[in-house]
Every structure is written in structure tokens, then in C-alpha cells.
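Undergrad: Below is a structure I'd like to ask you about.
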Amino acid sequence: MRGKLLPLAGLYLVQGLPYGLQSGLLPVLLRARGLSLTRVGLAKVLYAPWLFKLLWAPLVDTRGSPRAWLTLSTAALGLVCGLLAALPPAEAGQAGLPVTVAGLLLLLNLGAAVQDVALDTLAVQLLESAELGPGNTVQVVAYKLGAVLAGGGLLALVPTLSWPLLFLFLAATYWLAAALAWGAPVLQQQPAPQPSEPSPHTLHLLQDLLAVPGTLWTAGFVLTYKLGEQGAGSLFPLLLLDHGISSPELGLWNGVGAVACSIAGSSLGGALLARHWQPLPLLRSVLRFRLGGMACQTALLFHLDTPGARLDPSTVLRGAALLSLCLQHFLGGLVTTATFTLMMRCSQLASGALKATHYSLLATLELLGKLLLGTLAGALADGLGLHLCFSLLLALSATPIVYLGLAPSTLA
């Protein structure tokens, strides 16, 4: 099993780099330059290519080999990073987000989304049922490790690391990953799919995907399970920045400390799944803990919104805020690992020619749910006020607990 997991870990790590760059580094830099919460949130529009993975997932299923798609998309990511490195540092340092940088980041997300489909296809083909827990732990942990390296790690280095050097390093990383994707022996053993009939019409394809047992329920769950958490997670660090925590310190806690807690949570989830826990019972327990943690974070935020409340160094309030940040990431990591295991279990019920497309459908809906609140959270906070906004997010976090009671027996 180790021979399968090590190459997957390296490839999922580099897949997390664009997410960390845009979720950990970019929002803090934009907020520090005075942009409103609404404009910072709208920068997540750059994730749009991830929502259209279903357009090329059938191609990965039926044209060429997933290994070839993986190699080419990873090498293309290196090329885009090389182009970003060639930009003048002055352009990258402008207030707001330059059009050229935004366009290249959009291409970076496009390449990463194609890479994601190919890599998930290989993982679905490669992992046996007993390996889903460890396999999804590797997926989530490695992805988050890549995100923290590109997010909090780079944020801490921003004052000293030049723009060209940063993206040249990322380009070299992607080209090494492309060599791994092409040369890893365990990935060479995976046969390219052999289509026996023409690709079905889009409507018929969707009908076939939804006919897979458990798909409708799983789609509803992955679309909603992160709504409240993602909205609060997008706003809370920026509000800490507004209350006096510096960008480097926030990068350390939100980019490194919090993601380290998330990785610890994902690892614990994988260990529990590898032993005797099933995804659904684990989710029932952890979602309740997450709701309690978010209620405490909401109460803390309400206190910070009162006159005179400050996050001065060495105060209990500051420690509680940072602890709350880390705790929510820890519980979020547990929830994510269990959910991705559930998604992969559902996709394995699909026929061989539909596995990649089916998993891409679930992964696209999962991302859509996270992007929806991540993008609109700033506008909700500006429009409704913090109290009403976080009360709504707390209610959304309770919804998946109720929804789990409707889970079909095929996923038990």
C-alpha cells in the first residue's frame, strides 16, 4: 500500500499549492492594502475553472490515459508559474490585483482542475476498498500541506522573498511533480480506459451519474456540509486582522498553525476510518463538535464587536481567538477526510467508464458549496452586519447534522 500512497501524496501536495496561494496569501495581502471584505471575497472568482471539471472529466475517462493527462497538466502548471515569475515585481505589488496576474492565476486554476480530475481518476482506480481511509487521509493531508506551504509559509516570507524567485521555485516544483507522474511505476500499471461506445449525450450522462446508488443524497450533503464553516473561516481571520493582529502573525497562525491542526484532524480521521469507524457515524459525532466550536467562535466574535474590546498581546482574549481558529481547522480536517472517503465510496459504485466523471461531479459540488459562502461571506458581513451574518452561518452549520439522518443504506 505504501508504494501507492507515496506517489499520490507527492502529487496531491503540489495540487494544493494554487489553493494555498489564493486562499492564504492573496486575501490577507488584499485586505492589508485596504480592500473591502466584499472585494476580497470576490477574488475567489478565480477558482471558477474548478466548477467546470465535468466538461473535461469525460475526456479523462475515455481519451488517452489518466497518467498522460496528469503529466501534461502538471507540466503546464509549471509553465504558468514560469510566466508569473517573468512579471515585473512592481506590477505584482500594485494595489488590488493586476489584470495580467489575475489572468495567469485563472490559468493556474484551470491546469490544477484538470490535474485534479486525472489524479482522482488514478486514485479511484488504484485504491482498494480497505485502502480508502488511508488513501483519503493522504489526499487531504498532502493537499493541505501544499496549501499551507503556498499560503502561510509564503506569507511569512513575503517581506524577504522576491516575486520571480517565488514563482520560479513553484515552477521547478511542478516540473519535478510532472516527472514523478510520468515515471512512478505504480502509476504506469494503470491501463488507459478503452471506450467501447461513443460518449453519451450530456443529458444521458447526467442521468447515468445520478442513477448511481446514493448519488443524490451524497450530492446534497457535499454541497451543504461546509457552508457555515467556510463562511466563518473566510471572515474570522480577516476580522482578527482588523482588530490588531499583524499580517505575518496571522499568516503564522492561520496559514501554518491552523492548517497544521487541520492536518492533525485529517490524520486522526484517517486513523479512525482505517480501524473500525465508518464515515457516516464518524460524521455524526464530529459535526456536533464542530457546531459547538463554531458557537464558541461566534460568541467570541460578538464580544470583539463591542466597544473597547481589543486583541492585545498576551491577553486571554487573543489566546482564545487563536485557539478557536485552530480548533475549527482541526475539526474541519476530520470532517473533510470522512466526507471524501464517503464520496469515493459512492463513486466506486459507478461503472468503470463513469468513475472519474462521477467523482468529479461530487468534487465539483463540494467545491461549489465552499466557494458559494467563501465568495459571498464578505458581502453578507458588509450587508447584514457581523451579528446577523454569523448567526446565519451558525444555523447553516447545523443543517448537515439533520441531513445525515436521511443517509441511504448503500453508503452505510
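Glycine residues also receive a Cβ, built from the backbone N, Cα and C atoms like all the rest.
This is the feature table in TrEMBL:
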type: TRANSMEM; residues: 68-87; note: transmembrane segment
type: TRANSMEM; residues: 99-119; note: transmembrane segment
type: TRANSMEM; residues: 140-159; note: transmembrane segment
type: TRANSMEM; residues: 165-184; note: transmembrane segment
type: TRANSMEM; residues: 252-274; note: transmembrane segment
type: TRANSMEM; residues: 316-344; note: transmembrane segment
type: TRANSMEM; residues: 356-378; note: transmembrane segment
type: TRANSMEM; residues: 384-406; note: transmembrane segment
Undergrad: Who are the long-range neighbours of the transmembrane segment (99-119) in its own chain, taking Cβ under 8 Å and residues 6 or more past its ends?
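TA: Answer is 8, 11-12, 15, 18-19, 21-22, 46-50, 52-53, 56-57, 60, 66-67, 69-70, 73-74, 76-77, 80-81, 83-84, 87, 91-92, 356, 360, 363.
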Undergrad: If we skip the immediate neighbours and take only residues 6+ beyond the ends of the transmembrane segment (316-344), which ones have a Cβ under 8 Å from one of its Cβ atoms?
TA: 123-124, 127, 132-133, 135-137, 139-140, 144, 218, 221-222, 225-226, 229, 232-233, 236-237, 240, 245, 253-254, 257-259, 261-270, 273, 279-280, 282-283, 286-287, 289-290, 293-294, 296-297, 300, 303-304, 309-310, 359, 362-363, 366, 411
Undergrad: Mind checking which residues of the chain, 6+ beyond the ends of the transmembrane segment (252-274), have their Cβ under 8 Å from one of its Cβ atoms?
TA: 20, 24-25, 28, 132-134, 136-138, 140-141, 144-145, 147-148, 151-153, 155-156, 237, 240, 245, 282, 286, 322, 325-338, 341
